[in-house]
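Okay, so here's the structure we're looking at.
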Amino acid sequence: MAKYTIVDKDTCIACGACGAAAPDIYDYDDEGIAFVTLDENKGVVEVPEVLEEDMIDAFEGCPTDSIKVADEPFEGDPLKFE
């Protein structure tokens, strides 16, 4: 089943946990705030199946619950959480 991810940049504390768990999915802006590299944090590009386990590790390891994961794209409402 398809999975999508987005980072709530308002609650991200720039701890680096998501990039450590899933460096092929998450990166950081100039202030250290995480974003999804697959689609510039829009949550509309399906996470490749081979990266889903890393995405879940990042999701579960985020201390502020800023990593969001959904079965559908976040289109229209970028902070629609599952």
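Glycine is treated like the rest: Cβ placed from N, Cα and C.
Listed features, source Swiss-Prot:
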type: DOMAIN; residues: 3-31; note: domain '4Fe-4S ferredoxin-type'
type: BINDING; residues: C12, C15, C18, C62; note: [4Fe-4S] cluster binding site
Report summary line: The predicted model's mean pLDDT over the domain '4Fe-4S ferredoxin-type' (3-31) is 98
Requested in this report: Indicate the candidate from C12, C15 with the smallest number of other Cβ atoms within 10 Å of its Cβ, considering only these binding-site residues.
Outcome: C15
Query raised in the report: If you run through the domain '4Fe-4S ferredoxin-type' (3-31) with DSSP, how many residues end up as helix, strand and coil?
Result: 5 helix, 7 strand, 17 coil
Query - Cβ-based neighbourhood (8 Å from the centroid) of the [4Fe-4S] cluster site, residues C12, C15, C18, C62 excluded - result: V7, I13, A14, G16, A17, Y26, A34, A58, G61, P63, T64, S66, I67
Requested in this report: Counting Cβ neighbours within 10 Å across all chains shown, tell me which of the binding-site residues C18, C62 comes out on top.
Outcome: C18
